[in-house]
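**Student:** Pulled from Swiss-Prot, these are the listed features:
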- 7, 8, 9, 10, 11, 12, 13, 14, 15, 16, 17: ATP binding site (BINDING)
- 187, 195, 198, 201: Zn(2+) binding site (BINDING)
C-alpha cells in the first residue's frame, strides 16, 4: 500500500516517518512551505529525513496563503513568538489558523492522484490545549470529510501514531527506531541554532531531559524545564 507522509521536518514528523517505515509501505512525502519563519531549515530537514529513509517520491508545496491571511507569529514577523508556557491553556501566538486542515486537504488530493491509502501526520494530543487541530476528535472528523468528499471508490485514512503519546515517549520511540533526531528541527524562531526558549524548543528539551538523553541539535541556550 502507498502512504503519504506529512513531514514538517520536526521531531514528531521524524518519529512518525520512522514508524511508517517499519510498516514496509510504499512511502511518498509531502512538505508544505507556508511562509513560516524557519521555512529554509524545515525544508532542509525534510530533505534530510527523506534521504535517510530513502523516500524518493516527494512533493514540496507552497501555501503562501497562510502567511497572507496572517494571525500567527510563525508567519507574521511583526508578531513576537511567545516564550515557553508549558502549563498554559491559552492558544499561543504560534497557532496558525486551521493550518492542519489545509495540509490534510492537500495530502488527500495528492493521495487520490497517486493511489495512496494512508496519510500519516505527527499530531500529538498533548498539544491540544493550545492547538485545536491536534486533537484526535479533529482527525476522526476529517476522516469522515474524506469519506464524503472523495470518489466512491476512494479509501484514504488519516493515521496519527503519536496522538496519545507524551513528548518524552516520542523521544523514546524514536530512539528505539534509531530515528536521526539531528535531522529534525523544532524551533519556531531561529534557523542557525535553536533558540531554546520558544514553546516548541521547551517541549522538545523537556522531553529529552525526561529521558536522560541530550538532544543532538545545537541551542543558543539550554534551560532546564523539569
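Glycine is no exception: its Cβ is also placed from the backbone N, Cα and C atoms.
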**Student:** Looking only at C-alpha atoms, tell me how far residue 201 (Zn(2+) binding site) is from residue 7 (ATP binding site), rounded to the nearest Å.
**Tutor:** 18
**Student:** Within 10 Å of each Cβ, count the other Cβ atoms, then let me know which of the binding-site residues 7, 11, 198 comes out lowest.
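**Tutor:** Checked 7, 11, 198; of these binding-site residues, fewest Cβ neighbours within 10 Å: 198.
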**Student:** Any idea which of the binding-site residues 13, 17 has the thinnest Cβ neighbourhood at 10 Å?
**Tutor:** 13
**Student:** Where does residue 195 (Zn(2+) binding site) sit in DSSP terms: helix, strand, or coil?
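**Tutor:** Reduced to three states, the DSSP call for residue 195 (Zn(2+) binding site) is coil.
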**Student:** Once 7, 8, 9, 10, 11, 12, 13, 14, 15, 16, 17 are set aside, which residues in the chain still have Cβ within 8 Å of the Cβ centroid of the ATP site?
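**Tutor:** Sorted by sequence, the hits are 49, 122, 184.
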**Student:** Within 10 Å of the Cβ of residue 187 (Zn(2+) binding site), how many other Cβ atoms can you find? Include all protein chains, please.
**Tutor:** 25
**Student:** If you measure from the Cα of residue 17 (ATP binding site), which of the binding-site residues 187, 195, 198 is the nearest?
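**Tutor:** Out of the listed candidates, the nearest Cα belongs to 187.
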**Student:** For the recorded Zn(2+) site formed by 187, 195, 198, 201, name the remaining residues of the chain with Cβ within 8 Å of the site's Cβ center, in chain order.
**Tutor:** 81, 186, 188, 189, 190, 194, 196, 197, 199, 200, 202, 219
**Student:** Judged by the number of other CB atoms within 10 angstroms, which among 15, 195, 201 is the least packed of the binding-site residues?
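**Tutor:** Ranked by other Cβ atoms within 10 Å, the binding-site residues 15, 195, 201 bottom out at 195.
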**Student:** Measure from the Cβ of residue 9 (ATP binding site) and count the other Cβ atoms within 10 Å, all protein chains considered.
**Tutor:** 23
**Student:** Would you mind pulling the DSSP three-state label for residue 187 (Zn(2+) binding site)?
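**Tutor:** It is coil.
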